[in-house]
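Before any comments, here is the structure.
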Amino acid sequence: MRVLVLGSGVIGTASAYYLARAGFEVVVVDRQDGPALETSFANAGQVSPGYASPWAAPGIPLKAMKWLLEKHAPLAIKLTSDPSQYAWMLQMLRNCTAERYAVNKERMVRLSEYSRDCLDELRAETGIAYEGRTLGTTQLFRTQAQLDAAGKDIAVLERSGVPYEVLDRDGIARVEPALAKVADKLVGALRLPNDQTGDCQLFTTRLAEMAKGLGVEFRFGQNIERLDFAGDRINGVLVNGELLTADHYVLALGSYSPQLLKPLGIKAPVYPLKGYSLTVPITNPEMAPTSTILDETYKVAITRFDQRIRVGGMAEIAGFDLSLNPRRRETLEMITTDLYPEGGDISQATFWTGLRPATPDGTPIVGATRYRNLFLNTGHGTLGWTMACGSGRYLADLMAKKRPQISTEGLDISRYSNSPENAKNAHPAPAH
């Protein structure tokens, strides 16, 4: 069976790899000149299942109003003329209840934990190297109110069986020694020892090479124009004026997925959340991070690679604007020098931006559609790297008519519609 995968970011490449392992003949098509050259290129570098949380959370609407007035706020909104921006924000607001937050976080943690296990298995089987570390993630709280509010997340972690530690200042210095010098700025932390880090772009590039070894064909520099369909099936994909055909099609185009789905009558609420990162060369390894820290105040992650520090975060709801905002660089530099003033050379840092494909409830869209041979793997938001291996393997199992290893509840596009025309196709029953 031939499968055409659209997109070669970490999600598309992982999909291709696991589909090839399942015995499919796979062709990957992408407009870039290689894998992971857009959103997967310079993300924060975290594989953090326990911190898989939706942006839509209780209290966020009030916080957002406050953030809009702050210089170093984690969120910014630039209104556009695109109606989908307003529709997406309204759907997000509807998910900001305690009940919806708990449901959405459970779905995200379920897929993220599974994905981390798949990554562990892949690394053990293949030895794939990507400057990875398995030293956990530490969420830093600058105020007592932040530490107290973490209790709700801890309750979800306990229900999901995710190990955690609550740290005082001495505990923070134990796991991140370089922070001992700035301990007075912190009141405590939440550490998840099973979280990991790694260079997503490096991982994706090497996974693509492994996929080629399984027979996957990558076609780069290809302009994907539209999907050709009739009835309940996709007939092909128009690429550079040529109709490419296959038995099945996987759409893994991140924020650009809705543009191809709209003519098919499929409304996928995926919208770009613009994020930024700095990549800083390390000058003093002892004063650099050991693994990943999350600054709860600014919603920024600081991650250690071999000889580099990756600082990433923030969210701009601004459409498809890829311009580099110097104020965002200033924020990332401020946070880095505030916590790790002696760790790296900020003057030599590389500044980058990417468009995270976000759903209003935080959970990605992975699974079948009302078109019998069209599958989606998109909408992973800030967690594409965290969820990549699990999403790829989960989708490959569905397409191979195998029983997935985790529950399918709430993961496909049917959760966004009560209409029978968007109901998911028949596939193996949920694992739970």
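In case you wondered, yes, glycine gets a Cβ from its N, Cα and C as well.
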Between the ranges 341-363, 410-432, Swiss-Prot assigns region 'Disordered' to 410-432
Name, in the order they occur in the sequence, the residues of the same chain whose CB lies under 8 A from the CB of S15 (FAD binding site) and which sit 6 or more residues away.
-> V5, V250, A252, N377, S391, G392, L395, A396
Least Cβ-packed of the binding-site residues V3, V5, I11 (other Cβ atoms within 10 Å) is V3
Any idea what DSSP makes of G9 (FAD binding site), helix, strand or coil?
-> coil
